[in-house]
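Here is what TrEMBL records for this protein:
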ACT_SITE  H34  active site, proton donor
BINDING   27-34, 144-147, L173, 181-184  ATP binding site
BINDING   Q58, Q150  (R)-pantoate binding site
BINDING   Q58  beta-alanine binding site
Amino acid sequence: MEVISKQKQLRQRRSEALQPVGLVPTMGYLHEGHLSLIRRARQECKTVVVSIYVNPLQFGPNEDFEHYPRDLERDLSLAQEAGADWVFAPTPEEMLPRPLVTQVMVNELTDRLCGASRPGHFDGVATVVTQLFNLIQPDRAYFGLKDAQQVAVIQRMVEDLHMPVIIVPCPTLREPDGLAMSSRNVYLSPTERQRALILNRALQEATKRWEAGEWEKGEEAAAYLADMITSEAGVTLDYAEVLTYPDLEPVESFDQSKAVLAAVAARVGSTRLIDNRIWQREE
Ligand SMILES: Nc1ncnc2c1ncn2[C@@H]1O[C@H](COP(=O)(O)OP(=O)(O)OP(=O)(O)O)[C@@H](O)[C@H]1O
Ligand SMILES: CC(C)(CO)[C@@H](O)C(=O)[O-]
Ligand code: BAL
C-alpha cells in the first residue's frame with residue numbers, strides 16, 4: 001500500500017491506475033464501519049483509494065475539529081489489511097493552500113436534519129468531496145448510510161453537476177449491543193456509552209410500530225422517537241425526523257411513500273451522535 005500526501009504524486013499515480021478506481025472518503029480514526037466500505041470497494045474495483053482528511057470546512061466554530069480523534073499510523077495498518085492500494089492523507093495546507101473563494105452548495109436537501117443543526121456543514125462536505133473527486137477521479141465512491149443525509153446530498157450533487165462517478169451507499173455497521181459505529185464513540189464515558197444505546201433502541205421500537213402500520217404521517221413517528229430519546233437521562237435530543245428518502249420531504253402518508261428515513265441526533269453528555277433507519281415498503 002502506498003501513502004500519498006501530495007497532489008502531484010496523486011495525479012501521477014492516477015494516470016497509471018488500473019480501472020475502475022474506487023474511493024472511500026473518510027476523516028480517519030478508522031473502525032469496522034469504514035473497513036466495510038474499503039472491503040466493498042476492494043470487491044468491486046481494481047484500484048482502491050482511501051482518503052483520510054479531517055476537513056476543517058465542515059466543522060462549525062464551536063465544534064470538535066481540534067479534538068477530532070486522529071491516529072494515522074493505526075489507520076494505515078487497518079486500511080492496508082482491509083485492502084486499500086493507496087491512502088491519500090493530505091495536510092490541510094495541501095488541500096487548502098489559500099482560503100477558498102469557491103464552494104459547492106446543495107440547497108433544499110440541507111435545510112433539515114444535520115443541515116439545520118450544523119449550518120454550513122454540508123457546504124464543507126460538498127466542497128471537499130468535489131475536491132477529492134477532482135483529485136482522485138474515482139469511478140465509484142463509497143459512503144455509509146449512517147450519514148444518510150450526506151449520501152442524499154452527494155448523490156444529488158453528482159446528478160446535478162453531471163459528475164462522472166457512481167455513488168455506492170453502504171449499510172451501517174453496529175457494535176454488538178446495537179450502537180452505530182462512529183469515530184466519536186471514543187468520547188463517551190462508560191455511563192454515556194450505555195445511555196447512547198437509546199438512539200438505536202428508539203429506532204428499533206419505532207421500526208416495529210411502523211411495520212405494524214401504527215402511524216399514518218411521518219410526524220407521528222417522529223414524535224414517538226423524540227419522546228423515547230428525551231426520556232433517557234443525560235441525553236439531549238437534537239432532532240428526530242421522519243422524511244421521504246432521498247428527497248427529505250415530510251411524509252404525509254406512509255402508504256404513499258416508497259422509502260422513508262427515520263433519523264435522530266442527540267447529545268450524550270457533550271458528544272453529538274446520529275443514527276437512522278430507512279423504512280422501505282415492498283412493492
Ligand atoms: N457505522 C458505520 N457503518 C458504515 N459506514 C460508516 C459508519 N460510520 C461511518 N461510516 C462512513 O464512513 C465514511 C467516513 O465517515 P467518518 O470518517 O466521518 O466516520 P464516522 O465514524 O462517521 O465519524 P463521526 O461519526 O465521528 O462523524 C462516511 O461515508 C460514513 O458514513
Ligand atoms: C465524506 C467526508 C469524508 C468528507 O469530509 C466526511 O463527511 C465523512 O467522513 O463522512
Ligand atoms: N461523518 C460526518 C462527518 C462529520 O460529522 O463532520
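For all residues, glycine too, the Cβ spot is worked out from N, Cα and C.
Note that TrEMBL annotation is computational and uncurated.
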Lowest local Cβ density (other Cβ within 10 Å) among binding-site residues: M27, L30: M27
Neighbours of L173 (ATP binding site) among the recorded positions H34, Q58, Q150 (Cα to Cα, within 10 Å): H34
Length of the line joining the Cα atoms of L145 (ATP binding site) and the residue listed as 'active site, proton donor', in Å: 11
Contacting binding-site residues, sequence order - L30, Q58, L173 vs ligand 3, Cβ under 6 Å: Q58
Neighbourhood of S183 (ATP binding site) by C-beta distance under 8 A, where only residues 6 or more apart in the same chain count: M27, G28, Y29, L30, H31, Y68, P69
Distance, the residue listed as 'active site, proton donor' to Q58 ((R)-pantoate binding site) (CA atoms, angstrom): 19
Alpha-carbon distance [Q150 ((R)-pantoate binding site); the residue listed as 'active site, proton donor'] in Å: 15
Neighbour count (Cβ, 10 Å) for L173 (ATP binding site): 16
G33 (ATP binding site) CB neighbourhood, other CB atoms within 10 A: 19
Between G33 (ATP binding site) and Q150 ((R)-pantoate binding site): CA-CA distance (Å): 15
Annotated recorded positions M27, L30, H34, Q58, filtered by Cβ under 6 Å to ligand 1: M27, H34
Binding-site residues compared (Q58, Q150) - the one with the fewest other Cβ atoms within 10 Å: Q58
Recorded positions compared (H34, L145) - highest count of Cβ atoms within 10 Å: H34
Residues among the recorded positions M27, L30, G33, H34, S183 that border ligand 2 - Cβ under 6 angstroms, in sequence order: M27
